[in-house]
Each structure stands twice: as C-alpha cells, then as structure tokens.
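Here is what TrEMBL records for this protein:
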| type | residues | note |
| --- | --- | --- |
| DOMAIN | 74-533 | domain 'Major facilitator superfamily (MFS) profile' |
| TRANSMEM | 77-99 | transmembrane segment |
| TRANSMEM | 111-131 | transmembrane segment |
| TRANSMEM | 143-160 | transmembrane segment |
| TRANSMEM | 172-192 | transmembrane segment |
| TRANSMEM | 204-226 | transmembrane segment |
| TRANSMEM | 246-268 | transmembrane segment |
| TRANSMEM | 304-323 | transmembrane segment |
| TRANSMEM | 343-364 | transmembrane segment |
| TRANSMEM | 376-395 | transmembrane segment |
| TRANSMEM | 509-529 | transmembrane segment |
Amino acid sequence: MDRIGQTDCQHSGITNQILSFSWEGGTFSGTSILLPLLSKTTLINPTESRMEHLETTPMFMTSGGDADRSRWRSIRVMYFTMFLSSVGFTIVITSIWPYLKKIDKSADASFLGWVVAAYSLGQMVASPLFGLWSNHRPRQEPLVCSLFINVSANIYYAYVSLPSSHKKIHMLLARTFVGIGAGNVAVVRSYVAGATSLKERTCAMANMSACQALGFILGPALQAALSFIGETGVTVNVIQLQVNMYTAPALLAACFGIINILLVILVLREHCVDDHGNHIRAINYTSEEQVDVAPEAEGDIDQIAVFTSNVLFFVILFIFAVFETISTPLSMDMFAWTRKEAVLYNGIILAAIGFESILVFVVVKVVSARVGDRPLLLGGLILIFVGFFILLPWGNQYPKIQWADIQNNTGLAPTQPSNTSLEPTGCPYKQAWCLFTPVIHLAQYITSDILIGVGYPTCNVMSYTLYSKILGPKPQGVYMGWLTASGSGARTLGPVFVSQVYTILGPRWAFSVICGIVLVAIVFLSAMYKRLVAFSIRHGRIEERHD
C-alpha cells in the first residue's frame, strides 16, 4: 500500500512545512523536503486523501524550517551590510572638518559641505544602478562589487594626506567613492522587503534601522576612541601610511568591509516570499517573462503614494544631513572647542543619539502594531520641528570671537590673547554674523539632539516601511534604488545648503529655513495621509486595522 508522509505544521515566525507530490500512473508519491522530520510522519490512506491533498496543496511553496533559517541568516547579513553603510559615513563625520583643515589650509566651511555631500552624491548615482542590477541578477553580484568599491575607497581616504598638492580634492574623491560603495543600501532594502511577509516587515525594517543606528553609535564612538592616537600617530614607512586619529577609522571601516564581503559570499542566499510568507520564485533568477507571478502581485502600484514617499524621505534625510554636517562647526563656533575636543565631544553626543535611536526602534515596533505606521511618521516630523525650533539662537549673549593675527590682515580684527594656545578657538570674525547673532547654549544643543534623536529614527524607519508596503510583492530593486537616490540627493544638497547659509547668514537663518521645510512636510503628509496604505490593503486583499 502506498503511503504519503505528511509533516507536522510548525509556526513561530516560520510558515508551514509541506511535501511535493507528483502524479505517477494514477498514484501519488510524496517526498518530504526535510528528511529529519520523517520521524514525525503520520501515515494516511492515499485512496481517501488524494483529491483532498491535491485541492489543498498551495500554489506557491510555503517556507520550511531550513528555508526559513536560511532566509533569516541572509536577512541578518543584510542587517550587517546596513550597519557597515552607516559606519562608513559616521566613523569619520566628526573628524572630516579638522582633518580637512589640517591637510589643506585653503579649505573652508563651504568646501566641507561639498566633502560631506560627496558621499551622498556617489550613493545617489549608484543606488538606482545597483537596484536595477539586483532585479535581474543574483544580489551577491552588486553587493560584492559595491563592498569592494567601499573597501578600496576607505583605503584611498587614509592616503589623502600623501599627495603634495590638491589634497582636499583627493578627500572629495575618496568620499565620493565611499558613497558609491554605499549604493548597495537599495539592494539591502529591496532584499529585506522581498524576503519578509507583510506582518514581518515592520519588525524587520525596524531591526534594520536598529543596525543602522548601531553603526551610527559605533561610528562616532570608534572615532572618539581612536582620537587618543593623536594627530601625529604612527607612520608605516613600508607602505607610506600614516595611522592617526583621522585615518585609523577609515582603515577600520575597510576591515569591516572585507568581513562583509565574506559573509555575502558564504552565507547570503536568494529568498523571496509573498505578503503571507509563502516562498515564491525570486524574480532575479530568470527574466520576468519566465517567472510565474503570484496572484498577490496583480494590480498597479499607486504612483502618487510612491512619489509622496520619496518626497517625505528626501525631506527627512535632508534635515538630518543638515544636522550632522553642522554639528562640528557649530560646536566649535559656539562653545569654543578645539579640533580634538570637537571630535571627541561630538563623537560622544552622536553615539548617545544612536543609542537613543535603538531604544526608539524597540518602542516603534510595539507602538506601530497598535497605532499604525502613519501616525508615527507624523509624530516624528513634529518632534524634529520642535528640535530645530529650540536650536534657534535667542537672548543677548554672544559667542566668543576667535582671535586672528592682525599682521596678516588689514582693518580691525580681534587679537590673540597672550595666554591662549596656538590653536584659535571660538567663532571666526570672518563670519560677520558672529558679531551680532546670540550664542546657542550647550543646553539648547543637547535638548535639540535628544528631540531630533527621537524624531529622525522614527521617521526613517516608518518612511521606508510604508514605502515597501506600498510597493507590495512587485520587484522592488529599482524602486528602492530611487528611494535611496532620493535620500542621497537630500544628503548631497543638505550639507551644501547648510554650509553656505550657515557660513554667510548664520544659524538663525539656517535653522529657520529648516523649520519651514519641516512644516511643509507635515502639511504634505496630512494631505496625502489616506493614500499611504499597503499594496494588499489598497487592492482589498487584507483589511486595514490601524490608523
């Protein structure tokens, strides 16, 4: 008598284990996907159950134990890749300005804006290309390529002080190539979105954002720790490499990149599931014409919701790019910190904000299950507005003016006090606004950091969680590429904008404009609120339960 093996169903974030059946001369033969589970096999009479099994076997294979374990291992590799991308940006962000001033005296705050923006410009150009690549080829290919570029660019950054001239241009190019390597963020987001069910996605996106925040913590924290190496550091004569407080973080980021490449090659596997968690064929294994499209993929994407999501993501990243770019110059101008103090203290502050962000992600996962994604996005924008409003200069106390050597300048200029160190501190007199703009107090700065440290991560995770849900089961590589490009464009324009406005007009104008931009974003989100719903909800396949 023929027997069919039927495994027990197990569900703990993992969908059911099923068997494959084939028709052979009027009889069915079944083979378990996982042989170890045969010990739990229940024997049934095939003559009574053939049609029942035929009718109940799903159209798409659901995920089994091994498949789900492999899927989540691969998702965790994507978490680490996101972590590395965050580290690659933040590990040098607090030291770029003093490093730039050290290697090239002609560099000013305006050029700093271009150096910071170069990372995002490179990412903006590369993201859609890597996303398109990942839609048609295994994701290992664009990931390994981008990580190799990232490693090479960080090594290049460590050597920017070696050329005899145009050192600031070399720094600009190095940061551009680091940004190109970070274009793999589009691949990471599309992979996680495609490898998780609708119920899993908010949690997975929050976890990914937590890894991003962890990179945000460890980057400045590592930079602060490595600042004790000092500006001189150690020179490795064999390879003409100077390891100091500015180059060591980039070299460490290169080591992380090598580890990431090995994980992508050895651990990452292709996985794709529908909104219910059933495994379906990954679209990037074969051409789109040869792939059976899941019924859940039928229907059109709301392009207005896609556009709205990209605009909001642009605003969110623009705002934070302004904040992270201006933190070091602002603190040096307002609090009269030295270069080393600015690197150390801002590293500690940004690390604290990153730790705060991880706590926010834990809370967001719980709160979003109760109130939904859209209210959290709106609330996050309101917190960001309050944070920048608090940062506006008030009162009648003014910052300390930086001394200057009057022998090299004509006209009136503050002179160097006899008891100061060789490094000038305070607000440079060349910035005319220093003479009439009230000082921003440390308490204002810290309070603003705390509020923005809650609002930004909330908006960040909610914006691209909503975006992935709006896209649904469609291939998301290119769409995620455009989202990443949108954010990268914001991180390109943000530093350039703030470096120009801050240098010429001061913090009052810079932060007032930011407050206006956030208000416009809040109004825009309120107007488009009802359109920002998941693909499956929009097409009536899943009932909306929140917000």
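The count begins at 1 with the first shown residue.
Using N, Cα and C of the backbone, Cβ positions are placed for all residues, glycine too.
Residues belonging to the domain 'Major facilitator superfamily (MFS) profile' (74-533) score a mean pLDDT of 83 in the model. Each of 111-131, 304-323, 343-364 was scored by its Cβ pairs under 8 Å to the transmembrane segment (509-529), and the highest score goes to 304-323. Per-stretch counts of Cβ pairs under 8 Å to the transmembrane segment (111-131) identify 172-192 as the leading one among 172-192, 204-226, 246-268, 343-364, 376-395. Between the transmembrane segment (343-364) and the transmembrane segment (204-226), three or more CB pairs separated by 6 or more residues in sequence fall under 8 Å, so the two stretches touch.
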